[in-house]
């Protein structure tokens, strides 16, 4: 019995002590993220292998742009640092991450679908970069997302309708990309108490349409106008053809009448 009491007290004490080293998943997350980035201004000079092995001390972080929570990476905010490169799919290893902000850099490439594994993620801001490819519908797996900001990129394809299932989503911006297709009603025309998004969330995508954007301005003649012109042209052709036939018949009749008159004059009287 005497052994169990000290052992219990040891476990209880460990529960309240911050970890002395990083979580191995966080270490893999940070290592791979650094390798995927190009840092021309050396803003991430303390992002080293030694620091990755112990990035947090309780709620304090030794990394530029990182915030810790009880020894785990809780937030990454690397904004406006002239960063280049791509977004590492290994970010999904930072399983305690609740906010990811890589906005206002020069990042290229796709948004990794692997981010779906960040089940605690509440804020995703990748705006003002040069990201391409489609918006991963897998982001809908991050049920706690409150903010998705992807404006001013080069994203293509449709807006995933799955994102409309994020009931906590209160800020959504995909403006100024190269997206196409209809705005999902689950995002453009939300019902009930769900926060609604106005046209500014979708503007700047020339091939995106639907509420709350204004109706598309048609280029050139509308379909109805083309049909009308076609019908009008057909009717006009029919009238002209009918008129020409009538004139031809009239001329023919007159010619035949003249010939009959000539023949009657030449025939002898009996």
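From the backbone N, Cα and C atoms, a Cβ is placed for every residue, glycine too.
TrEMBL entries are annotated by machine, without manual review.
Feature annotations, courtesy of TrEMBL:
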{"type": "SIGNAL", "residues": "1-22", "note": "signal peptide"}
{"type": "DOMAIN", "residues": "24-57", "note": "domain 'Leucine-rich repeat-containing N-terminal plant-type'"}
{"type": "TRANSMEM", "residues": "223-249", "note": "transmembrane segment"}
Same-chain residues near the domain 'Leucine-rich repeat-containing N-terminal plant-type' (24-57), Cβ under 8 Å, at least 6 residues beyond its ends: 18, 63-66, 68, 71-73, 76, 78, 81-88, 90-97
Model confidence over the domain 'Leucine-rich repeat-containing N-terminal plant-type' (24-57), averaged pLDDT: 95
